[in-house]
């Protein structure tokens, strides 16, 4: 059965399963995505928080909650949501800083934030290694070290630690922050050009994406292979998010409001759902034409396959169309944990990586059933939500003391303020 490679899985593509023997008038009420200055865009916080929860659940061994993650119902998964929103918020916040303070100051702030994320990644790396090593030693099970990809560190720590600092060595589940660091390195130039020629910037991003597939561009990993998330390909989603933030979504308002666009998006989502269903129900596989399978597979996550990108676009189109910025439910206490996690994404992501292995260990050692899987998954989500609440409470208290105002835009991964 084919599967889309998560950071904890050995494969990075979906392999085909073996076969058996006139535009409608726009709806002016459809909301574009741009954020009004001084107003917090809770939809971004909501879906970034949701992406963090989904990433955590997907990093655990398969359980009942895994079937509630989007990777089982289409080609894309939480990673696409996370990278798009990161590009959107980064461009929104730092473009405003560049307009007010100039390129040099804004660039300095971006690089300061890159350093902070880098330090967080290295700190998480050390804590993660300690967690895995302690459990592997205490329970005399070296398979944990092999499964989580740290054997090379244990064999050659002097070499591997240097490779880790160069972002070439990454244990399982630690691929997202290095990708984000590399994407942020090019953010000053991206914003500078996008403020002047936004469509040209997006076209250049598309050209790099196409060249990545044509020339097989990739960054080498240590000790072998390439990065799980190829920055040359994933930059397209990041830049597209920035393009939407800096006016692209507003210019696309008529397209987003079109019933034809909505119909095509829904049709593609249904198609993607059926294809993924064939991975779990082999009897349905025979209804897919051979030529279609030949064209689709493999569906490559490492290089952001066009089918994955299109699936994300369809999801985003439907979401923006039906989930209004002023929807009262965004203020509901039931969604507050998701929104708080999205507002503190760097800390919650790091915590989620740590908790995922702890949960993985408990499930392996206890051989628990579906009930224990559910309890561990929900416990992790509760811990993440409580931590986000504490971080939010601290920021509010700090702002009362005049230390630092809370940014209006949702920009945690790029700094709480530009």
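Keep in mind that glycine also has a Cβ here, set from the backbone N, Cα and C atoms.
Given the structure is predicted, the values throughout are model-derived calculations rather than measurements.
As recorded in TrEMBL, the features of this protein are as follows:
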- 1-29: region 'Disordered' (REGION)
- 50-69: transmembrane segment (TRANSMEM)
- 81-97: transmembrane segment (TRANSMEM)
- 117-136: transmembrane segment (TRANSMEM)
- 176-193: transmembrane segment (TRANSMEM)
- 200-222: transmembrane segment (TRANSMEM)
- 228-248: transmembrane segment (TRANSMEM)
- 260-281: transmembrane segment (TRANSMEM)
- 306-323: transmembrane segment (TRANSMEM)
- 344-364: transmembrane segment (TRANSMEM)
- 370-394: transmembrane segment (TRANSMEM)
**Message:** Under 8 Å for C-beta pairs, could you tell me which stretch among 50-69, 117-136, 176-193, 228-248, 306-323 has the largest tally with the transmembrane segment (344-364)?
**Reply:** 50-69
**Prompt:** Restricting to the same chain and to residues at least six past its boundaries, which positions have a Cβ under 8 Å from a Cβ of the transmembrane segment (50-69)?
**Reply:** 6-8, 77-79, 81-82, 85, 173, 176, 338, 341-342, 345, 348-349, 352-353, 355-357, 359-360, 363-364, 370, 373-374, 376-378, 380-381, 384
**Asked** Hey, which bits of the same chain come close to the transmembrane segment (200-222), Cβ under 8 Å, at least six residues off its ends?
**Response** 152, 160, 163, 166, 168-170, 182, 190, 193-194, 228, 230-233, 235-236, 239-240, 243, 248, 302-304
**Asked** Given the transmembrane segment (81-97), which of the listed stretches 117-136, 176-193, 228-248, 306-323, 370-394 has the most Cβ pairs that are under 8 Å apart from it?
**Response** 228-248
**Request:** Mind pulling out the one from 117-136, 228-248, 306-323 with the most Cβ pairs under 8 angstroms to the transmembrane segment (176-193)?
**Result:** 228-248
**Fill in**
With the cut-off at Cβ under 8 Å and a gap of six or more residues from its ends, the chain residues touching the transmembrane segment (117-136) are 142-145, 148, 150, 153-154, 164-165, 167, 171, 174, 177-178, 180-181, 184, 346, 350, 353-354, 357-358, 361, 413
